[in-house]
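**Q** Residues or ranges marked as Mg(2+) binding site in Swiss-Prot (evidence: similarity to another entry): 9. Positions annotated as ATP binding site by Swiss-Prot, on the basis of similarity to another entry: 15, 167, 168, 169, 235, 236, 237, 238, 246, 252, 253, 269, 273, 277. Positions annotated as K(+) binding site by Swiss-Prot: 43. Positions annotated as L-methionine binding site by Swiss-Prot, on the basis of similarity to another entry: 56, 99, 246, 277.
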């Protein structure tokens with residue numbers, strides 16, 4: 001049997017880049033909660049003892065940026081300089097301006113355009129992907145890498161492993177076979193976890209706890225064998241972490257946010273962007289389209305691309321490929337997609353309820369992936385049943 005290895009990585013919520021994603025989306029939530037028409041392009045960067053938010057925001061909302069930054073960092077677990085950042089005493093810098101009037105008139109006509117007329121906030125192309133290898137219709141390498149990161153955070157916060165600190169990374173390599181275009185996982189080849197820890201714990205204790213409390217609950221035992229390789233804190237020491245260890249920036253974990261290297265990516269990040277930014281809304285609707293194709297039994301694996309021009313409502317192109325796993329021709333699947341999904345930015349916002357912020361709606365997306373999540377706030381995960389015409 002011919003097989004191949006494929007690897008996906010993830011980082012947990014204490015990684016500096018992910019901290020920035022969460023701050024940017026917490027600010028988006030605050031704006032949309034009070035003013036659903038808010039136009040938000042919010043970036044965040046961080047380094048030792050400092051978090052800065054900057055970008056363009058036009059909103060009627062009253063937003064306490066500094067409080068949001070501190071609350072978000074505290075919620076992650078950055079409560080002292082020892083762990084990488086002190087939420088209550090770090091410097092918070094804010095440099096927010098209004099959206100460019102040139103962009104505003106071209107995209108939404110200074111809020112005068114009807115929803116179906118609202119243009120894309122920028123040019124670009126986005127991809128959605130789905131595969132039948134997991135119940136979430138997501139790649140297994142990505143699902144496990146992501147769940148390992150989430151489990152690391154869980155056992156840190158519930159004090160199962162009190163030596164853990166917020167920063168951490170995971171990576172999973174799976175051996176697959178190609179079944180006529182569909183991906184079939186056979187076994188786990190390698191599990192890699194690098195997690196920040198305190199000064200007291202030994203490397204042996206780290207390895208033992210990670211196997212027992214993180215890997216065992218996430219990866220079913222039938223995928224692990226005597227040849228599975230475990231790299232558990234292979235560098236030997238990871239005490240300094242978070243923004244103290246590395247600078248962080250919004251939008252630097254776009255593969256972790258999506259499909260773990262499977263499918264394709266148009267390059268646009270998600271966090272800190274309101275739904276007129278098709279980098280985000282376009283990627284969400286093509287995930288819904290690809291997932292619906294697979295869930296409807298039309299293919300075992302599917303990728304969908306959409307592209308836009310700034311200020312233009314209708315997409316420039318829509319593309320589908322089922323990797324030769326389709327039960328009907330790809331051109332017929334494309335027709336079904338175009339008939340069942342409205343790719344105009346204003347209509348995507350309505351149909352996917354993307355103008356609703358608050359209650360951590362967008363902040364939740366900013367750690368542990370935007371896709372494959374079982375949460376009603378992730379409206380783009382809702383399947384539309386697609387039926388070919390008889």
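Backbone N, Cα and C atoms are what each Cβ position is placed from, and that goes for glycine too.
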**Q** Measuring CA to CA, name the entry from the binding-site residues 168, 235, 237, 273 that ends up nearest residue 99 (L-methionine binding site).
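**A** Going through 168, 235, 237, 273 one by one, the Cα closest to that of residue 99 (L-methionine binding site) is 273.
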**Q** Taking 15, 237, 273, 277 as the binding-site residues to compare, which has the smallest set of other Cβ atoms within 10 Å?
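**A** Taking 15, 237, 273, 277 as the binding-site residues, the minimal 10 Å Cβ count falls on 237.
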**Q** For residue 235 (ATP binding site), which of the binding-site residues 9, 43, 56, 277 has the nearest Cα in space?
**A** 9
**Q** Cα within 10 Å of residue 56 (L-methionine binding site): which of the binding-site residues 15, 43, 237, 253 qualify?
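**A** Those close enough are 43.
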**Q** If you measure every Cα to Cα distance among 56, 99, 246, 277, the residues said to bind L-methionine, what is the biggest one in Å?
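**A** Pairwise Cα check on 56, 99, 246, 277 gives a maximum of 30 Å.
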**Q** For the binding-site residues listed here (99, 235), tell me which residue's CB has the most neighbouring CB atoms inside 10 Å.
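**A** The residue with the densest Cβ neighbourhood is 99.
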**Q** If you measure from the Cα of residue 277 (L-methionine binding site), which of the binding-site residues 15, 168, 237, 246 is the nearest?
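**A** Nearest in space to residue 277 (L-methionine binding site), counting only the binding-site residues, is 15.
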**Q** Would you mind reading off the Cα separation of residue 9 (Mg(2+) binding site) from residue 253 (ATP binding site), to the nearest angstrom?
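**A** If we compare the Cα positions of residue 9 (Mg(2+) binding site) and residue 253 (ATP binding site), the gap is 10 Å.
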**Q** Pop the Cα-Cα gap between residue 273 (ATP binding site) and the residue listed as 'K(+) binding site' into the table, whole Å please.
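**A** On Cα coordinates alone, these residues lie 9 Å apart.
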**Q** Among all the protein chains here, how many other CB atoms are within 10 A of the CB of residue 43 (K(+) binding site)?
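**A** Summing over all protein chains shown, residue 43 (K(+) binding site) has 22 other Cβ atoms within 10 Å.
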**Q** List the same-chain residues at least 6 positions away in sequence whose Cβ sits under 8 Å from the Cβ of residue 246 (ATP binding site), in sequence order, or say none.
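**A** Set apart from residue 246 (ATP binding site) by at least 6 residues yet with Cβ under 8 Å, we have 16.
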**Q** Helix, strand or coil by DSSP: which one applies to residue 253 (ATP binding site)?
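**A** DSSP assigns residue 253 (ATP binding site) to coil.
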**Q** Taking 9, 56 as the binding-site residues to compare, which has the smallest set of other Cβ atoms within 10 Å?
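**A** Each of the binding-site residues 9, 56 was scored by Cβ atoms within 10 Å; lowest is 56.
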**Q** Fewest other CB within 10 angstroms, which one of the binding-site residues 168, 253?
**A** 253
**Q** Through the lens of DSSP with three states only, how would you label residue 277 (L-methionine binding site)?
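**A** DSSP call for residue 277 (L-methionine binding site): coil, neither helix nor strand.
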